[in-house]
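See structure below.
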Amino acid sequence: MDALDGHQARKVQDTPLEDAFDHGADSVSLVYLTMATCCALQLGTNPFCMLVFCMTASAVFYVLHWKLYATGVFKYLWPFAETEAQLAACLVFVTSAAIGPAVWNTEVPVFGGKIKVLLVCACAAGGAVTCAQGGREILLRGRHHAWQTVQATDVAAPLAILSAITATAVLVPSLDTALFLHQPCVFVLVLGTAMAKGNARIIGAYDTFSDAPYLDSCLLILGTILVISGLNGVTSGLHDRTALWDSRLLVASLVMCTADLVFVMCTADLVFVSLFVMCTADLVFVSLFICLFVAGDVHS
C-alpha cells in the first residue's frame, strides 16, 4: 500500500493532496504492517513485546509529523528510515516463510534472550532516541518562537492525543491485565487506529494552516476502555469475567475507532477525500476480518 500511495502522490506534486496521499495513507498502513511483522515474529506469545513494538513504530511516525507541523521540515533523524524499515519487514517475512517463524524463538547465548525479544528491544531503543530527538527540536521551536509553529499555530497541540494514547497503552495492561491478554492484537489495533487518526489530524492542520486539535472523539473510546479497566482492576474479585466480554469490548472499540477515522476522512476538507478513497476499503475489510476471527477464536 505504501508504494501505491506514493505513485498516486506524484500525480499531485506540490499540492496539499500529495501529503494526504503519501503520509496520510502511511499512518494507516503502518498499523497493519507492524501487526503483520509481529505475527511473522510470533510475538503473540509475548504480548507485552508486541505492544511495545507496535506503539514504538506509531509513536515515531507521530512525532515525525508533529515535528513537520512545528518546524515545516519532515526528515528522518536516523539513517534507518522508512525504506529500510520496510526492507527489514520484508526480510522478516521471507525468513519466516523460508525457515519457519520458530527461528525467532532461538536463544542468543551472548545476550541471554530470544532473537525476537532482542529485536523488539533494539527497535524500542532506537524509537526512544528518535522520539527524544524529535521532541527536542519541537521544544526548541516552541521556546524560541513563543510556542508557535512556522504557520503561527499552537506547537503543543498534538501532545494531548499522544499523551492520552500512551497513558492508555501503559495503564490498561497494568490495571487490568486480563483485558489486555484476552485480545492483545485487537487492543494494539485500537491504539494504532487512534494514533493514525491523530496523524491525520496533524497532516490536515499542517496542510490547511490551522491549529491541530487538543482533543479528539477517538479519546472518548480510549477513555472508556481505561475507565472500564480501572473498575475491573478494583472489582476483579466481585464479579465473573469472561474472555468473550473482553473481546466484545475491544472489537467494538476497534470498529468505533475505524468508523471515527473514516468519518473524519469523509467529512473533513477536500485534502482528506483522497485518503478516504484509498483507506476505507482496507479499514473496513480488516475490521470485519478481525471481528470474524475473534468471534471464531472465542467460541472455539
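Yeah, the Cβs are placed from backbone N, Cα and C, and that goes for glycine too.
Per TrEMBL, these features apply:
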TRANSMEM  48-65  transmembrane segment
TRANSMEM  85-105  transmembrane segment
TRANSMEM  117-135  transmembrane segment
TRANSMEM  155-173  transmembrane segment
TRANSMEM  185-206  transmembrane segment
TRANSMEM  212-235  transmembrane segment
TRANSMEM  247-265  transmembrane segment
TRANSMEM  271-295  transmembrane segment
Paired segments the transmembrane segment (117-135) and the transmembrane segment (48-65) in contact, 3+ CB pairs under 8 A: yes
At a threshold of under 8 Å on Cβ distances, which of 48-65, 85-105, 155-173, 212-235 pairs most often with the transmembrane segment (185-206)? 48-65
For the transmembrane segment (155-173), I need the partner stretch with the highest count of C-beta pairs below 8 angstroms, choosing only from 48-65, 85-105, 212-235. 212-235
